[in-house]
Amino acid sequence: MGGSASSQLDEGKCAYIRGKTEASIKNFSPYYSRQYSVAFCNHVRSEVEQQRDLTSQFLKTKPPLEPGTVLYEAELSQFAEDIRKWKDRYVVVKNDFAVESYENKEAYQRGAVPKSRILPAGGKVLTSEEEYSLLSDKHFPDPTASSEKNSQPFLVLPKAFPVYLWQPYLRHGYFCFHEAAEQQKFSALLNDCIRHLNHDYMKQTTFEAQAFLEAVQFFRQEKGHYGAWEVITGDEVQILSKLVMEELLPTLQTDLLPKLKGKKNDRKRAWFGLLEEAYNLVQHQVSEGLSALKEECRALTKDLEGTIRSDMDQIVNSKNFLTGKIRAMVAQPAENRCGESVQPFLASILEELMGPVSSGFSEVRALFEKEVDELSQSFHTTQDGAQLKECLDQLMKLPLDSVKMEPCYTKVTLLPERLLDLQSRFRFPHVDLVVQRTQNYMQELMENAVFTFEQLLSPYLQGEASRTAVAIEKVKLRVLKQYDYDSSTIRKKIFQEALIQITLPTVQKALASTCKPELQKYEQFIFADHTNMIHVENIYEEILYQILLDETLKVITEAAILKKHNLFEDNMALPSESVSSLTDLKTSMGSNQASPARGASAILPGAPGDEAPGSEVFQGPEEKQQQPGVPGSLAREESASISGSSPPSGEDGQVSVSGVDNSAGNPLSADNSAGPLSSHLSEAEAGEPPKDEETAHKRPESSAVPGSLRELKELLTVTVFVESAPEIGNDTLNGTPVPQEDKKEEEEEEESKIHPEASGPAAIQQDSCEESEVREREAHPMPLEAEAPGVNLGTLPEGRGPTSQSTGEGLTENTSCLGPIEEPSEAQGPTEEVLLATVSTQDSTEAGGEAVHSVTVTPQEDATLSSNPICPVENNEGPQVSEDQEVLGGNDSPALAMDTEQINDAHVYECHWEVEDAPSADILDVHDCDVGSPGEW
């Protein structure tokens, strides 16, 4: 039969293994202790500064599965090493990715201890005898194997479809199936388990995990090993155990391999058993030693926490000072080395990475769309809500369906072939780790996509079948748009990590002999109390990393600008990062794999009759309550984006509002009110006759080319129509009515002159003004309706500041009372500046600046339009007050006092108001709107 592994590993050899393990842990301890303190200090700093991850994401993140969730269970044939026979076992794989084997299904159900439990971290899955023999021979350095031919197979298979699980330092697993489909399902599942066990620990963000990985890196650099390391897979105990085994392996091969007797297959089996016994011994001792080391570090940081928190500013300043010193020494040689050995190859490496990675993510997108289309088609056929829920539950399991996801993963497996030259140029043989990490990201993105789809669709499952069918299609398009953006973000992250992982070891190794010895002299700049929190080696590595990061970001940004593989730029104008429901962001029916910014635009619903069929599925309960006519919060938000000026009388009651991009803080500054985008003139401004009510409600269709300048203009323009009757002005001297046409002529004449002087003094009683406004609102409500030509303003990015919010509240509450006008001595200076700012929209636009909000309002009923207290007033003119307001003011308080010698018959009030962004609500429905002063908005 051959030698037994247990007989070769005698007590002396076990003692030797324990001694080597203890020495390795002792050598590793200083690195871990230093990195533990540094990582803990960084953790406290991020906690104090409340640092957050700025990575944007549209899709909802799927919560983790409940512990103990079963991913796979089936009865199959497994080779039992203890009895060296094939046995039928009941195999169960849960979401801890351990492969557990039970005697039978009944034993599993009653909670029996599994016969075997395999954690296949670092393993490889093979499905043919030839592939397995090649791999196992590679890790069996038998000196006599070259002269011996192995005619017999390693195992006699009881069934036609085997699965081999190769593992480093552990016995291999062997499974058999009757059908190829079962073989494919189990092998795909094992690959999923290996990927997650290899990389899930490295994805942890705890400071202890970061400290351990940094310690392993510095520990290996002292031995001349740089960059990625194939055995950094699994958890911290597995990683450190493999570190020890890496040192033990040459000795074990020298001492034990020559003693093995028998045929090649027997010696091979004995060697693998010997390695497993040694590895288990090392792993047990490493687990104990690492636990003790952690307790020491926790006690140390507990004592340091007070110092870290109290001296945080000093620690940060000291580190920044030290960073500047070391960067001055390192920057030039690092940049030279990067320019010679790295920068010329970054673009070509990125090009080779982008193809397979992007094709894999595109395959995931296509799979999601295909599954949703099948779900939709099934619902169209059956119209059964219960069956739809079952299909939706199956869709939620799609990311865990290894067979369906495998074609997506296969697209990325082309990377090793595309990057063959990396092994010779950059000594990076571990492209398979990049492949596995990419596949994990693909599975995670699919999980988020199906979870977002289910969350957005669930409110509409109980409705009518026709509405549910429409909702399925619209939700699918929404999720696909969000997927495109998140896919671009994740792929750029993958490219960044891969480029740095590939090229950083080259720079580190090149500078190790020249720059690293110089680091010791910089330790004198560290305070004695801060030596545990600041280490020059960490700062040195951070500087090298940042230099390479800047170079990689350049090539990735260039690829995004060129739209390669549907990558999006980082500075795209996007809607909010969190989309909680269909009402948050409308998606047009014709959307496909377009930019999220383009997907954000949709049709703004106007009157209820204009709404597209099926669009009600996008309206939440709150939105539906606000639509019938109550202004509500949406109306207040809309009104915050509308600015107005006192209009010439006699024109049609139309308001033209032009959006302003990056408007300045002072809304009355002429310098900040001109822009390259010209404002759209309303029909009243163009001198055209007013249209009837039906025309006012009709939604114009945009003919602008997508992405053109005209489309941008339309995105920034909204037209508000005011329906009102002709107004008869009141002479403020004697209360006699003044014809509106005469007032218009006088106002146009005075407006052409524009006297840069302030009006005389005036005093207003607030109580009487409020009472008059209340009565005016009750008698003459003035609805405003907004239409945006071809654009959904609700999808524009929200950018309201405190000013715009207060503006919206003021307009909705109709606080349009006149405030006290300042004395001439106080108001003359600022009034002259303000008056110069009251230029027309067209003039300011032609001057070349930012686009201006121009508002023209002409009420045609007896509604009161109060002028702004800060608006410019013509010389020797006072505010215009209606007859009703004058009478009401006399009931409760003294009438409006004005100097009759300083008041003319014509009254012109020009005011220019600006808001930063176009409104983002879906409906602008402001009733009883009297244009108040900006100070009250």
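Any Cβ shown, glycine's included, is placed from N, Cα and C.
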Considering the residues Ser37, Ser348, Ser601, which is the one that Swiss-Prot annotates as phosphoserine? Ser601
Here are some residues: Ser578, Ser673, Ser854, Ser867. Which is flagged as phosphoserine in Swiss-Prot? Ser578
Scan Ser56, Ser376, Ser581 for the residue that Swiss-Prot records as phosphoserine. Ser581
Could you check Swiss-Prot and say which of Ser46, Ser133, Ser615, Ser768 is marked as phosphoserine? Ser768
